[in-house]
Amino acid sequence: MEIECHAKVNLTLDVLGRRPDGYHEIRSVMVPVSLHDRLVLEPAEEEIVLESRPPATDRLEENLAYRAAALLREATGCSRGAVIRLQKTIPVAAGLAGGSTDAAGVLTGLNRLWGTGLSDGELADLAIRLGSDVPFFIWSRPARVEGIGERVTPLPVAGPLWMVVATPDVPKSTGQVYRWFDELADVGPRPDAGAMEAALARGDAAAVGRALCNVFEQVMLPRHPEIARLKEAMLAAGALGAVMSGAGPSVLGVVPDREAGGRLLERIRPLSRDAWVVRTLV
């Protein structure tokens, strides 16, 4: 069984507050994009085997794809094994949810391969135990994501959008980004999720560009001017709008079409470690 595990970008991201349990309430408009990892699942007797290229840098028990397989087996009582072959393209710790999408692909794929029969809702209940972005990928379509990531509401969209996604060479810890945000005395501009959802429903790329907003930029851009320079370069080169995705450091720039994306890509390539022209999935 072969599965494409797609990256996501956040068109809007707002942090509404910190809960007593330490988790943060968020509201985000998220879309999957054509950039993807490739996952191959094969049945095995009992053992769960993970093969990743390039090789995974974390310990096996900490790898999200492996943890997803182990969690599904534990939750369903299944005793079967699997060989998980993962070809990585999405950069790690980049604000594109590369680990989360792989975990969701393992959950949905092994649910079919093993015949465990869980519904999408039941898979999403397992997914939130792996990470806040994982439930979104059970459906992997444009959505409003709320709570700690467990509330996923699909959104109507008129069609695909084109954009350039670029990742500068900036180290990042998502936990640290949240801690910096908690220290803000005053949060600046917040996203208008309603405006973004309306723009997506109309297929209005220019309006999508105007509505892009991520509150994490307020703590990341001052500390990492490379991200700010990349965003400014996208806007100067003609992007309809640009914003950091997730907790960064990746930046997306909305463009009118694929050709404009190719031109923008060449302009900003020197400022990024990785960059792609992508379209959103609907």
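Each Cβ is built from the backbone N, Cα and C atoms, and glycine gets one as well.
According to Swiss-Prot, the protein has these features:
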| type | residues | note |
| --- | --- | --- |
| ACT_SITE | LYS8 | active site |
| BINDING | PRO91, VAL92, ALA93, ALA94, GLY95, LEU96, ALA97, GLY98, GLY99, SER100, THR101 | ATP binding site |
| ACT_SITE | ASP133 | active site |
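Everything Swiss-Prot records as a feature, shown here on the structure.
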{"residue": "LYS8", "record": "active site", "Cβ within 10 Å": "29"}
{"residue": "PRO91", "record": "ATP binding site", "Cβ within 10 Å": "18"}
{"residue": "ALA93", "record": "ATP binding site", "Cβ within 10 Å": "18"}
{"residue": "GLY95", "record": "ATP binding site", "Cβ within 10 Å": "30"}
{"residue": "ALA97", "record": "ATP binding site", "Cβ within 10 Å": "28"}
{"residue": "GLY99", "record": "ATP binding site", "Cβ within 10 Å": "26"}
{"residue": "THR101", "record": "ATP binding site", "Cβ within 10 Å": "29"}
{"residue": "ASP133", "record": "active site", "Cβ within 10 Å": "27"}
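In three-state terms derived from DSSP, THR101 (ATP binding site) belongs to a helical segment.
For the ATP site, the Cβ centre of PRO91, VAL92, ALA93, ALA94, GLY95, LEU96, ALA97, GLY98, GLY99, SER100, THR101 serves as reference, and the other residues of the chain with Cβ at most 8 Å from it are ALA7, ILE90. PRO91 (ATP binding site) sits 12 Å from LYS8 (active site), taking the CA atoms of both as reference points. The distance from the Cα of THR101 (ATP binding site) to the Cα of ASP133 (active site) comes to 8 Å.
Cα separation, ALA93 (ATP binding site) to ASP133 (active site), rounded: 13 Å.
Nearest in space to ASP133 (active site), taking C-alpha to C-alpha distance over the recorded positions LYS8, GLY95, ALA97, GLY99, is ALA97. Note: the Cα of LYS8 (active site) and the Cα of ALA97 (ATP binding site) are spaced 6 Å from each other.
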